[in-house]
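As given in Swiss-Prot:
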TOPO_DOM  1-26  topological domain 'Extracellular'
CARBOHYD  Asn9  N-linked glycosylation site
TRANSMEM  27-50  transmembrane segment
TOPO_DOM  51-58  topological domain 'Cytoplasmic'
TRANSMEM  59-80  transmembrane segment
TOPO_DOM  81-101  topological domain 'Extracellular'
DISULFID  Cys98-Cys189  disulfide bond
TRANSMEM  102-120  transmembrane segment
TOPO_DOM  121-139  topological domain 'Cytoplasmic'
TRANSMEM  140-158  transmembrane segment
TOPO_DOM  159-195  topological domain 'Extracellular'
TRANSMEM  196-219  transmembrane segment
TOPO_DOM  220-236  topological domain 'Cytoplasmic'
TRANSMEM  237-259  transmembrane segment
TOPO_DOM  260-272  topological domain 'Extracellular'
TRANSMEM  273-292  transmembrane segment
TOPO_DOM  293-323  topological domain 'Cytoplasmic'
Amino acid sequence: MGMEGLLQNSTNFVLTGLITHPAFPGLLFAVVFSIFVVAITANLVMILLIHMDSRLHTPMYFLLSQLSIMDTIYICITVPKMLQDLLSKDKTISFLGCAVQIFYLTLIGGEFFLLGLMAYDRYVAVCNPLRYPLLMNRRVCLFMVVGSWVGGSLDGFMLTPVTMSFPFCRSREINHFFCEIPAVLKLSCTDTSLYETLMYACCVLMLLIPLSVISVSYTHILLTVHRMNSAEGRRKAFATCSSHIMVVSVFYGAAFYTNVLPHSYHTPEKDKVVSAFYTILTPMLNPLIYSLRNKDVAAALRKVLGRCGSSQSIRVATVIRKG
């Protein structure tokens, strides 16, 4: 039996990878692994800083910690398998493993909602500062975050079983480096056009609702900032919002290409590059954008490093005295 026959009768899929036949797989492995380490470290540090420093116990940083958790999930669900495939000739992924990837990656819908809520948080902080403690109290924040996670999870619970229920009789080779729904559906030997249309409508809706919140929020913020007499107030307002605008631009740019543009604009190579952008690069960029442009986060990091340095000095001094 040839390779094609084996693939058709296997319960596994085969991932072709980010680059089908990389000229320098070792170099690609080193680059992706470095990005992975930086992304994981940056997001975990962000989560720990927000948890440990009482000055960061505010709605904005609580939402930011949830963003870091989601980004950690995205990169952990795709990159380890990608790195394994770069080192191994066996590029198979089990049916269950593929379904797990699809489910967790549909949580990206939750990140859309979370970015919309972060824009609303900035709107309240800039336009209604006196009512901020009331409008963004702990109960409201928890409700908003739970809603984001539930929204993304419901998307996964609906799309994953339907996608994996189609018969895959053409091939088991997925032209991608992870199980993305459009790439998996190309293997089906039945008509998936109705499902793809419904999925397209669902994705557009999940994009437009948060994007509308973001657009309205920042329109009000710009109008409020324009009416400010204080140059310091304007600078602070722009500094507060600029990091979020950068993250939204990067994330929604990739999402717009993937979910909104018609099929004629898509090629497997372009799709893989864009997917790498939002599953690998964005989780690395998000915490860096927020931390490098945020004095509170930088101060919290210095405080933690100072504690570590003091503890180490005390240990060394104790050892010297005992010696």
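Just so it is clear, glycine is given a Cβ too, placed from its N, Cα and C backbone atoms.
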Number of Cβ atoms other than its own within 10 Å, given for Cys98 (disulfide bond): 22
Proximity of the transmembrane segment (27-50) to the transmembrane segment (273-292), 3+ C-beta pairs under 8 angstroms: yes
Cys98 (disulfide bond) - helix vs strand vs coil (DSSP): helix
Averaged pLDDT score, the topological domain 'Cytoplasmic' (293-323): 65
Outside the topological domain 'Extracellular' (260-272), six or more residues from its ends: residues with CB under 8 Å to it: 18, 175-177, 180, 182-183, 203-204, 207
Distal contacts, the transmembrane segment (59-80) - CB-CB under 8 A, six or more residues away: 32, 35-36, 39-40, 43-44, 46-47, 50-51, 100-101, 104-105, 107-108, 110-111, 114-115, 117-118, 121-122, 125, 136, 140-141, 144-145, 148-149, 152, 177-178, 247, 278-280, 282-284, 286-287, 290, 296
Local Cβ density at Cys189 (disulfide bond) - other Cβ atoms counted within 10 Å: 11
Helix-strand-coil residue split for the topological domain 'Extracellular' (260-272), DSSP-based: 8 helix, 0 strand, 5 coil
Assigned element (helix, strand, coil) containing Cys189 (disulfide bond), judged by DSSP: coil
Distant-in-sequence neighbours of the topological domain 'Cytoplasmic' (220-236), which means Cβ under 8 A and at least six residues beyond its ends: 122-123, 126-127
Residues of the parent chain within Cβ reach of the topological domain 'Extracellular' (81-101), under 8 Å, 6 or more residues beyond its termini: 10-18, 22, 25, 28-29, 32-33, 36, 160, 164, 174, 177-179, 184
The topological domain 'Cytoplasmic' (51-58): DSSP-derived helix, strand, coil residue counts: 5 helix, 0 strand, 3 coil
Long-range environment of the topological domain 'Cytoplasmic' (51-58) - Cβ separation under 8 angstroms, sequence gap at least 6: 65, 296-297, 299-300, 303-304
